[in-house]
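Got a structure for you, questions after.
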Ligand code: ATR
């Protein structure tokens, strides 16, 4: 039997992970099989247990199971613990399950390697304070940003995140606030980590947040530009990106953890990107 890997989610039918990992495996000559598993919404544990008991070596975990995976793992990487979520599982010695989170690293790699955006000394606005936002804070801080402001509809949740990550990189100014606190500020990078795009909605951000060099990044990806991306273009953002690159990069990081070989991501990203006419 080939080495078994999988992605767990609900829904999962449209996941790009099986395709991405199959391309990675072909490219690096790794003999493995990667499948998509639809776990019941209320029983991730049973589904994951059965996968690992029947020989599974590693798994990716997506919506809505990243918290369940955190609980399921026997040991956690420090970054997964701080992110409060697990997107990658690996069977280790004595069948212990190790939980990691590669989402944030995936975002930072996409920004720096694919989009050519250097994070050092930049002013960054993170919009949203849910699970997605929490998952990307640590790698942004480690990339040496000068300022990271977390703004959220419910500002108390943003404040809570500041408390969790406070002191990790003391030289970064880490602050939080509501929409009004953004007035008269400008940022080099604005990341939409809210789930508002799912509802075709947009956080009510003030005008003039972008400079002429700013990048707007939506953690979501879809065939069309999200409302946040359209808004950013109207606002004059020079560069606008969705989260497809982050998806590929977080997958590459998981693949590296499992197989100790780092796949090249550029071609995979190009193959996934719908052709622009
Ligand atoms: P996820 O894991 O995708 O981050 P989540 O933990 O439910 O999901 O968090 C959703 C985030 O999107 C939150 O920051 C939420 O704001 P609140 O904390 O105030 O609820 C934000 N959000 C969702 N819909 C939004 C909308 N229409 N406008 C602004 N923010 C929205």
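Every residue, even glycine, has its Cβ placed from backbone N, Cα and C.
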Of the candidates 104, 106, 243, 245, which does TrEMBL annotate as part of the NADP(+) site that also includes 128, 129, 130, 131, 132, 152, 153, 154, 155, 156, 157, 219?
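Only hit among 104, 106, 243, 245 in TrEMBL's NADP(+) site, alongside 128, 129, 130, 131, 132, 152, 153, 154, 155, 156, 157, 219: 243.
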Which of 186, 239, 250 does TrEMBL put in the same shikimate site as 15, 16, 17, 62, 87, 103, 221?
250
What are the helix, strand and coil residue counts for the domain 'Shikimate dehydrogenase substrate binding N-terminal' (7-89) according to DSSP?
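The composition, in the requested order, is 35 helix, 20 strand, 28 coil.
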Among the binding-site residues 15, 87, 103, 221, which have a Cβ atom lying under 6 Å from any atom of ligand 1?
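With ligand 1 as the reference and 6 Å as the Cβ limit, the list is empty: none.
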Relative to the Cα of residue 66 (active site, proton acceptor), which of the binding-site residues 87, 128, 153, 250 have a Cα no more than 10 Å away?
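Among 87, 128, 153, 250, the ones whose Cα sits within 10 Å of that of residue 66 (active site, proton acceptor) are 87.
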